[in-house]
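K.L.:
Below are the structure tokens for one structure; questions will follow.
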Amino acid sequence: MLDFVQQLVSGVALGCVYGLIALGFVLVYKATEVVNFAQGDLMMLGGFFAFTFIGMMGLNYWIGFAGAVAAMALFGMLAERVVVRPILGYPQFSIIMATIGLGYFLRSVAGMIWGTDDLKIETPFSHGVLRVGSLVLAYDKLSVIAATMILCALLWLFFNKTTLGTAMRASSENMLAAYYMGIPVKRVVSVVWAISAAVATCAGVLLAPITFIHSNVGLVLGLKAFPAAVLGGFGSIPGAVVGGVLIGVIESMAGFYLAEGWKDVAPYIVLLAVLLLKPEGLFGLHVRKKV
Amino acid sequence: MRFLFKTDYEDDIKLFPHSGYVVSYGILLALLLIAPYVLSSYLMSQLVFVCIYATVGVGLLILTGFTGQASLGHAAFLAIGAYTAAYLQKYNVPFPVYFLAAGALTGLIGAMVGFPALRLTGIYLVIATISFALIVEEILARWESVTNGNEGMRVKTLSLLGVTVPRDSPTFYFLCLAVLVLTIVGTLNLLRSPTGRAFVAIRDSETAARSMGVNVALYKVKSFAISAAITGFAGVLFAHKLSFISPEMFTLQLSIEFIIVILIGGTFSLHGAVLGAIFIVMIDPFLTYLKDDLPGIIAGIAATFGAGAATAGNIQSKVAAFASLNGLKGAIYGIIIVLFVLFEPLGLYGRWLKIKLFFQLFPLYKRATFKRQKIYVKSERNR
């Protein structure tokens, strides 16, 4: 039983990381119907920025964290301006390919700048554990869970309660109509990319004590975040986190109770099953086109 | 400029619309046939890979280009073809039999993937095919009694009708070329048949196709099956060319490469598959060439512009250091993909058509002929 709870907690922590990356997908998707295949790589880059600020320049953890988030928000805007805006509205496939290309580019450039070794950031959560009865919970994992909950709540409030959030939802439904309503669509999209890159950075920095940072971490985790986003319905912010947690728990349970090899494929088997039975995801809206 | 006067439907679907086609493709075929006696063995080996990649590209074009169903899982189909060949070869099954068996099995699995894919569109389909490919990769690594797991499988030299065909012999090249040409001709015939018309109708508008009486589900599954089968055939040749296969060869990276093949070549015509394959396969030797020769060339240019010998040497070592950076290839890949998507969405074949039209219409060519229209995002969620 204790094993089960322990696995559950580590699964939830892992899942929260997937959820954080999936949040980035969902944000961009919600606002522009673009699926950003480079989301994981933005996370990786955020981690490297934080490493530069904290590990190499010796800044305080929180200042370095904030600096990395700000820098990545700017970078997200830049990426949107250069890669996505010229083809916004073209078939999804083109945009997917463009972001895959962006991901390739970021991975190699990060490898050139920071090398291919695993890097580690010293964080206040790196050491120490919380003991609840005979249960042992590491601070680094708890910090991921807490941060995910906070970010998820903030973003949900942002999308549903603020004017800018409503503008984002409007521009994803119909860009031209949103423009006629006086929404500065270009600026809105730009802001969405900034937020999504900032969320990715949070994921990268929180992840640093758990998995370390290397140039391929984004690809590996990004691929796991897809099932999370799909499970959650790709357009739902709480859905992304719930999906992420589900994937994380499934993965860690499969790794513990099933034969070797199941751990890596279990999330995808679940994903395919969900796509078959409920293609719109667990939290997605199902709408039929009226002809 | 040539004006084609068509009087009936037969004229419209001719394989060779006019005699110019026969002449130019005849010359191309003749050049390809004498290639083994002219080119170096390294280039020949690359040419074999071009044939294999182009075959996969044609398969992928049927699915992605003409039926509009994106797939990022074609490496899995290639793997299934390759492993079927390697497995059957162990039991001394002759080449023609396992070649066809590999295609048939891959086609069957393609159809099985096609069924669940019926309910999925756009991004969901892409993710489902990625998941399928990852699962296949894991099965290949774990099903050790058949696939020999991560250690991989050795593929024996091909023997065709009692004659052994080494993987670097001209005969093997001719075999690959024959498979490619047959695939292209077969696909051209498919595309002008009712089936092909149905594929294109589904791509352009599923709703419209359905209301015209096209059985969308049936044709989507057919498209998956045909595309997978062609990829399976290519897989057999791929296995023989490499003579060793292991699961880590058939990763997502390879699937992405196949998509890049048709993306760079152009997704609206079979020419795209071949041009894209040439591009992808030849980029490697080209980058190696750049790495070796570019520093010297740049230093030479610097010297002619009046830089001193010391500066030129300095520049040369700087450029050499940059060119040998790890991962430069990935960065160049990324930039190429982004540039093609942004500036040449019709691909290399589209560029060729534009150049051709420029000379045909000279001096009346207008850039606006190929200009993209402004499009605004409209939700695909309500589709």
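Here the Cβ of each residue, glycine as well, is placed from N, Cα and C on the backbone.
TrEMBL does not curate its annotations; it predicts them automatically.
Reproduced below are the annotations present in TrEMBL:
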type	residues	note
TRANSMEM	B:21-39	transmembrane segment
TRANSMEM	B:45-63	transmembrane segment
TRANSMEM	B:95-115	transmembrane segment
TRANSMEM	B:122-143	transmembrane segment
TRANSMEM	B:172-191	transmembrane segment
TRANSMEM	B:212-238	transmembrane segment
TRANSMEM	B:258-282	transmembrane segment
TRANSMEM	B:294-312	transmembrane segment
TRANSMEM	B:332-350	transmembrane segment
K.L.:
Are there residues at least six beyond either end of the transmembrane segment (B:122-143) with Cβ under 8 Å to its Cβ atoms? List them, or say none.
P.N.:
69-76, 79-80, 83, 113, 116, 149-150, 247, 250-252, 255, 380
K.L.:
Per the definition of 3+ C-beta pairs under 8 A with sequence separation of 6 or more, do the transmembrane segment (B:21-39) and the transmembrane segment (B:172-191) touch?
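P.N.:
Answer yes, regions in contact.
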K.L.:
Does the transmembrane segment (B:95-115) come close to the transmembrane segment (B:258-282), meaning at least 3 CB pairs under 8 Å for residues 6 or more apart?
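P.N.:
No, since the transmembrane segment (B:258-282) and the transmembrane segment (B:95-115) share fewer than 3 Cβ pairs closer than 8 Å, they do not count as touching.
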K.L.:
Do the transmembrane segment (B:172-191) and the transmembrane segment (B:332-350) share at least 3 Cβ pairs under 8 Å, sequence separation 6 or more?
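P.N.:
Answer no, regions not in contact.
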K.L.:
Give residue numbers and ranges for long-range contacts of the transmembrane segment (B:294-312): same chain, 6 or more residues beyond its ends, CB-CB under 8 A.
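P.N.:
Beyond its ends, the transmembrane segment (B:294-312) has Cβ neighbours at 319-320, 323.
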K.L.:
Using a Cβ cut-off of under 8 Å, list the residues of the same chain at least 6 residues beyond the transmembrane segment (B:95-115) that approach it.
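P.N.:
Long-range Cβ neighbours of the transmembrane segment (B:95-115): 73, 77, 80-82, 84-85, 88-89, 129, 132, 158-160, 220-233, 235-236.
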